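What TrEMBL records for this protein:
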BINDING   GLY159, ARG160, SER161, ILE225  NADP(+) binding site
DOMAIN    3-114  domain 'Tetrahydrofolate dehydrogenase/cyclohydrolase catalytic'
DOMAIN    133-273  domain 'Tetrahydrofolate dehydrogenase/cyclohydrolase NAD(P)-binding'
Amino acid sequence: MILDGKAVSEKRLELLKEMIEESGLYPRLATVIVGEDPASQMYVRMKHRACERVGIGSIRIDLPADASTERVLEVIVKLNNDPDINGILVQMPLPPGVDTGRVINAVAPNKDVDGFHPCNIGRLFSGDPLFAPCTPQGIMTILEEYRIPIAGKHAVVIGRSIDVGRPMAALLLNADATVTICHSKTGDLKEEARRADILVSAVGKAKFVGPDMVKEGAAVIDVGINHDEDGKLCGDVDFEAVKDVAGAITPVPGGVGPMTIATLMENTFKAARLETCNSITAW
Ligand SMILES: Nc1nc2c(c(=O)[nH]1)N[C@@H](CN(C=O)c1ccc(C(=O)N[C@@H](CCC(=O)O)C(=O)O)cc1)CN2
């Protein structure tokens, strides 16, 4: 079975549009992009288009590639204090001259719709998430939509990044999976992967996951954004070789990517709702 992330994202965006209309709220997202990286520029454009589609207002702040960390922080502090802004997204990766950690820590946790702030990561790991990072949360939505069982299953996450691998593991754990995180120093990665009922690959290497790493019938989730030898977009999984072994598999494109954006929209609506009902004082 192909897990069609594009179709799920379309469905979720339509539902969200109705929910926003019914709420009478007008959520607002600010994006901050530093530099001219073409892929980042495209993702930010996609995010603003999605905002327009569902009824979220958005502003975009462009900074030059040579912007200092202090300049980026200045922009974030202003957005934190702007009562008209519910969500703040700083497009990643930042140029090497900008201190990513300081930037992430500067975003107000209640506006952190990317879920990268340590407070949000901490809440996620404590089993009480507020904003979970969009890519792993989007994957949970795909699994839920296709009714892939998680509780009691063995999930293996390949990759331990703070934006995907670690939060993915926390979300799966919160859903009662038994979770293994694998990384570059894992002894026998193939053997670990082969034990997975749910295998998530967030490595960033084309064709990293082959059929010999997949248990018959497993759900295989591909987070990779790579290009093959012909320059064509592809994931970490050798899709053609794995699809007949896996019970379910996400394609690239059309799998996890669109869910990242749909989840960002959902998180932004959540931020607006939380502000309205003032429940955020729990911070
Ligand atoms: N601040 C953030 N930065 C980044 C995030 C993030 O969640 N927050 N994730 C990625 C990039 N990303 C969103 O920012 C993203 C990547 C891919 C897609 C997507 O829909 N891809 C399409 C293919 C598009 C194409 O033609 O290349 C697909 O997979 O079908 C959306 C968002 C890193 N940075």
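Including glycine, each Cβ sits where the backbone N, Cα and C put it.
Automatic prediction, not curation, is the source of TrEMBL annotations.
Note that the coordinates shown come from a computational prediction; the quantities given were computed from them, not determined experimentally.
The NADP(+) site in the record is lined by GLY159, ARG160, SER161, ILE225, and its two most distant CA atoms lie 16 Å apart.
In this view, ILE225 (NADP(+) binding site) is surrounded by 18 other Cβ atoms within 10 Å of its Cβ, with every protein chain counted. Secondary structure at GLY159 (NADP(+) binding site), taken from DSSP and collapsed to helix, strand or coil, is coil.
According to DSSP, the domain 'Tetrahydrofolate dehydrogenase/cyclohydrolase NAD(P)-binding' (133-273) comprises 53 helix, 26 strand, 62 coil. Using a 10 Å radius centred on the Cβ of ARG160 (NADP(+) binding site) and all shown protein chains, the other Cβ atoms total 17. Sorting each residue of the domain 'Tetrahydrofolate dehydrogenase/cyclohydrolase catalytic' (3-114) by its DSSP state yields 58 helix, 18 strand, 36 coil. A 10 Å cutoff on Cβ-Cβ distances gives GLY159 (NADP(+) binding site) a total of 23 other Cβ atoms nearby, all chains included. Per-residue confidence over the domain 'Tetrahydrofolate dehydrogenase/cyclohydrolase NAD(P)-binding' (133-273) averages 97 (mean pLDDT, predicted model). SER161 (NADP(+) binding site) has a Cβ environment of 17 other Cβ atoms inside 10 Å.
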